[in-house]
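K.L.:
Dumping the structure here so I can ask a few things about it.
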Amino acid sequence: MAVSGFTLGTCILLLHISYVANYPNGKVTQSCHGMIPEHGHSPQSVPVHDIYVSQMTFRPGDQIEVTLSGHPFKGFLLEARNAEDLNGPPIGSFTLIDSEVSQLLTCEDIQGSAVSHRSASKKTEIKVYWNAPSSAPNHTQFLVTVVEKYKIYWVKIPGPIISQPNAFPFTTPKATVVPLPTLPPVSHLTKPFSASDCGNKKFCIRSPLNCDPEKEASCVFLSFTRDDQSVMVEMSGPSKGYLSFALSHDQWMGDDDAYLCIHEDQTVYIQPSHLTGRSHPVMDSRDTLEDMAWRLADGVMQCSFRRNITLPGVKNRFDLNTSYYIFLADGAANDGRIYKHSQQPLITYEKYDVTDSPKNIGGSHSVLLLKVHGALMFVAWMTTVSIGVLVARFFKPVWSKAFLLGEAAWFQVHRMLMFTTTVLTCIAFVMPFIYRGGWSRHAGYHPYLGCIVMTLAVLQPLLAVFRPPLHDPRRQMFNWTHWSMGTAARIIAVAAMFLGMDLPGLNLPDSWKTYAMTGFVAWHVGTEVVLEVHAYRLSRKVEILDDDRIQILQSFTAVETEGHAFKKAVLAIYVCGNVTFLIIFLSAINHL
């Protein structure tokens, strides 16, 4: 999809990469077989948790209480296996004792064959019942994986072996129970990455475009260098948390090959993962990566690794000699957890083959539909509606005798500006729905305020069609209703713009956006105050003294023509300032 989203970034940075942080709700069925959380760390070797059972012998149909206890932990996965084949499927099923802290999982198509945590809250003890099946083996052993936090976990802690009556004694050594995975070696880089070969030897993506990773700590840099049948990947950027890139068949999240570099405890962990939808990424084995290295210096994090172009038989790793959209993102991380990014990731405008001829490319942090949506809303609710309101409220006497297409000039200008506002709002309103394919559930109050603004923007011209004649008794009610709805729409629109500027899909630079929008509001309110004061001062010149009381005439008189030049000057200055604010915002959107 050429203009659809940058939602993968929404994904890349919702992640929590610890076993528990990735799956705080305990839905870890993908780990049922190996019982290994793929964190990129080695598991602990000395268990500090124990499993106890209520009896050591059992018959099919028995229910045995199983207790897991020890140091505080956040996550766990408990299973029963055939003690003579610990790599086989789970045996039997479990019954919960406290469903508030634990839940049943379906592993190997056996319902309730495993138990896991329900949340990431700390626990010191878990109790469940194990139900012995009719086909139970002679010897059954309980195994548990326990996660204390991201880099501290234990895999397949062996529990008691329970046996059926008259079974031969079980003699398999416990040492075979816990296979500890090993990690590929990681070395240290000695100098910053260079962008001098970008477009010549390296395929480079940078944010901002053409930034220098050797000189700019804020430069997010990604390069691919082909070397025969492998590709060397370099990635660098701010060391505040993590860097990531992903290869995607489209600009939507799901079925994507992602790679992460996470800064934790003065170390950088390099981790491949894959994305299966709008959910947390699934961490994969690092066995597919070679020559891994990293460096932390001067506020910059660097990581590099080598990967074969093709990996036959390896799931979730894409062949690199195919064209993909490339996502590049960075964000905060703490204790191994990656937090949602404050800005959409950069996504290339089109698909690229990183093994093809070297290129030096950029991308955009916002999808075209959302950029157009924001631009049209700024034009409508910063400029056209604001000028239209001023013209109707303060310039009737100025252009009362000037006519345009058979109507008073002020009225025609007001009507054209308000009609333009309604049309722009209608066009902009549908764009997020087209982009999201429906309602946006992650945009806070912004879409709700937008719907209110859209409704009022459509009702205003419909109401104007039924405007009563000038001297009709209902005219005053119309005027108040028209003014109230218009004022409400403008206030809500400003609130929606404030909120919309912070949404990931159109996240304008933090350093100035709030000040600029506040400046626009102050500019408009200040102009209205100046014109109100000016109108009041003119009205004082036509006061009528009646029984020692001053009555202010509500209609303008010929005396007010003295201020026409002043009003026109104020309007000209206001329009220049308004357009300046508009250009600032439109320029910022264009550079996303």
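For all residues, glycine too, the Cβ spot is worked out from N, Cα and C.
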K.L.:
Which candidate in ASN321, ASN578 appears in Swiss-Prot with the annotation N-linked glycosylation site?
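P.N.:
Looking at Swiss-Prot, the N-linked glycosylation site feature maps to ASN321.
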K.L.:
Looking at ASN308, ASN479, which is the one Swiss-Prot tags with N-linked glycosylation site?
P.N.:
ASN308
K.L.:
Using a Cβ cut-off under 8 Å, which residues of the same chain at least 6 positions beyond either end of the transmembrane segment (446-466) come close to it?
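P.N.:
381, 415, 418-419, 421-422, 425-426, 429, 432, 439-440, 478, 481-482, 485-486, 488-489, 492-493, 495-496, 499-500, 503.
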K.L.:
Count, for each of 372-392, 415-435, 491-511, 515-535, the Cβ pairs lying under 8 Å from the transmembrane segment (569-589), and report the range with the highest count.
P.N.:
372-392
K.L.:
Please identify, from the binding-site residues HIS373, HIS446, the residue with the sparsest Cβ neighbourhood, meaning fewest other Cβ atoms within 10 angstroms.
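P.N.:
Comparing Cβ neighbours within 10 Å for the binding-site residues HIS373, HIS446, HIS446 has the fewest.
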K.L.:
For the domain 'DOMON' (216-331), how many residues does DSSP put in helix, in strand and in coil?
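P.N.:
So the domain 'DOMON' (216-331) is made up of 3 helix, 71 strand, 42 coil.
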K.L.:
Give residue numbers and ranges for long-range contacts of the transmembrane segment (515-535): same chain, 6 or more residues beyond its ends, CB-CB under 8 A.
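P.N.:
Residues 382, 386, 390, 393-394, 494, 497-498, 501, 560, 563, 566-567, 570, 574, 577-578, 581, 584-585 contact the transmembrane segment (515-535) from elsewhere in the chain.
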K.L.:
Averaged over the domain 'DOMON' (216-331), what pLDDT does the prediction give?
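P.N.:
Mean model confidence (pLDDT) across the domain 'DOMON' (216-331) is 88.
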